[in-house]
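Worksheet for the structure shown next.
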Amino acid sequence: MNAVTDLKHDYLVADIKLADWGRKEIAIAETEMPGLMAIRDEFAASQPLKGARIAGSLHMTIQTAVLIETLKALGADVRWASCNIFSTQDHAAAAIAATGTPVFAFKGESLQEYWDFTHRIFEWADGGTPNMILDDGGDATLLLHLGAKAEKDVSVLAHPGSEEETFLFAAIKEKLAKDATFYSRNLDAIKGVTEETTTGVHRLYQMAQRGELRFPAINVNDSVTKSKFDNLYGCRESLVDGIKRATDVMIAGKVAIVAGYGDVGKGSAQALRALSAQVWVTEIDPICALQAAMEGYRVVTMDYAAEHGDIFVTCTGNYHVITHDHMAKMKDQAIVCNIGHFDNEIDIASVEKYQWEEIKPQVDHVIFPDGKKIIILAKGRLVNLGCATGHPSYVMSSSFANQTIAQIELWTEAVKGSNKYPVGVYTLPKHLDEKVARLQLKKLNAQLTELTDQQAAYIGVSKEGPYKADHYRY
């Protein structure tokens, strides 16, 4: 165990003495998070999350600290772990732990520690269970569902398909040996989950299609004020921040390969082009490929790009987008990184047999048998959080305002005993999306034009909104 913990307290962080530093940065972040702070002010008196016990699995950053304190200000009880072994900002974790909120996170966790910490968010000090999940990537949701399956048939854990699954399955077996009904007991208590990111949402839809999902879920990722802002504008700033901090390379003139041209890929490509890289895009989807081509990017295959690129960024949410053979073809000193949620976009396992030389934390040379070296950042995990500090506070305010509203929506309906959200996956209604945008605009001194009665009638909308149909593509 690398982290320092006080066993008298219900937390595990790197160094609790970092709390004062974290508190100062949290105060700055609050000034850059208008949407989230406005929601805190609006609902503090009514306490809509009173009674909610939220198990949170999301990057433990300064911005997440503001989210946690907003949830608490609205009445929730919270336990927290990071959803990535490299993404924790240790001073942020310390600042939250110092307030009495249980936090289990430090930068550079092992996979064994990661799954231990994810279990800890379900282990309430009073022996009870959480009743809500706030998830990023779906690991907390997966843990309960898979664990409950294993209670009935442990053979579901017999064949791990990756290093990650090896540690996950071992953690579940260890827990079952101590508490045979841990997962089903927690699963039965959960009223709903709000999911932050594309990868986690994909998991939720798959579970729902298979009839395995056990509670309602709100897909926060597909709120316009999340996906079109966090995914695009957030990545546009944080990708290059991570690459620069890790390598100090000049980006201008280099050939940068962006794998995937969704919202994350669009932001990543814009960032690299803004620094005068020659940006090439790989895509499977002809619509996204056409968008990239119309923006002036060269659209190629990874097989072709591998030997030409200087910088490679995966943004797909898919599996083995960069393979061993691709890396074997790359130039000496090519930089390889990922800004999708999981580390399997790059086939890291296939190059673990070679010599690795750590340059500094989260920056490694992989040395091939012929002596060629490539630079892998954050061991294939999120480069913007592994090698930098993630997205700026302002854009995370939009995402976390949506998360808070979604938690309120699911919890208040559960308390009322309504049937508004039977088991399934939902998105927030348009008027709440627009509300988040209005709250964010105030910080930018933007002035909205107001429709006249005639104009509203002409286009068939209310003067107060929503202004677009659900099928509108922003």
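Heads up, residue numbers simply count up from 1 along the chain you see.
A Cβ is built for glycine as well, from the same backbone N, Cα and C atoms used for every other residue.
These figures come from a predicted structure and were not determined experimentally.
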Recorded substrate site member, picked from GLU30, GLU195, GLU196, that accompanies THR61, ASP136, LYS226, ASP230 in Swiss-Prot: GLU196
Sparsest-packed among the binding-site residues, when each Cβ's other Cβ atoms within 10 Å are tallied, from ASP136, GLU196, ASP230, GLU283: GLU283
Listed in sequence order, residues with CB under 8 A of THR61 (substrate binding site) and six or more positions away: SER87, THR88, GLN89, ALA92, LEU385, THR389, GLY390
LYS226 (substrate binding site) versus binding-site residues THR199, GLY260, GLY262, VAL264, ILE339 - nearest by Cα: VAL264
Nonlocal residues around GLY260 (NAD(+) binding site), in sequence order (Cβ under 8 Å, 6 or more apart): THR282, GLU283, CYS288, THR314, CYS315, THR316, GLY317, ASN318, VAL321, GLY340
ASP230 (substrate binding site) versus HIS341 (NAD(+) binding site) - Cα distance in angstrom: 13
Pairwise CA distance, ASP230 (substrate binding site) versus VAL264 (NAD(+) binding site), rounded so that it is a whole Å: 9
Distance from ILE339 (NAD(+) binding site) back to GLU196 (substrate binding site), taken between C-alpha atoms, in Å: 15
Greatest C-beta neighbour count within 10 angstroms, which of the binding-site residues THR197, THR199: THR197
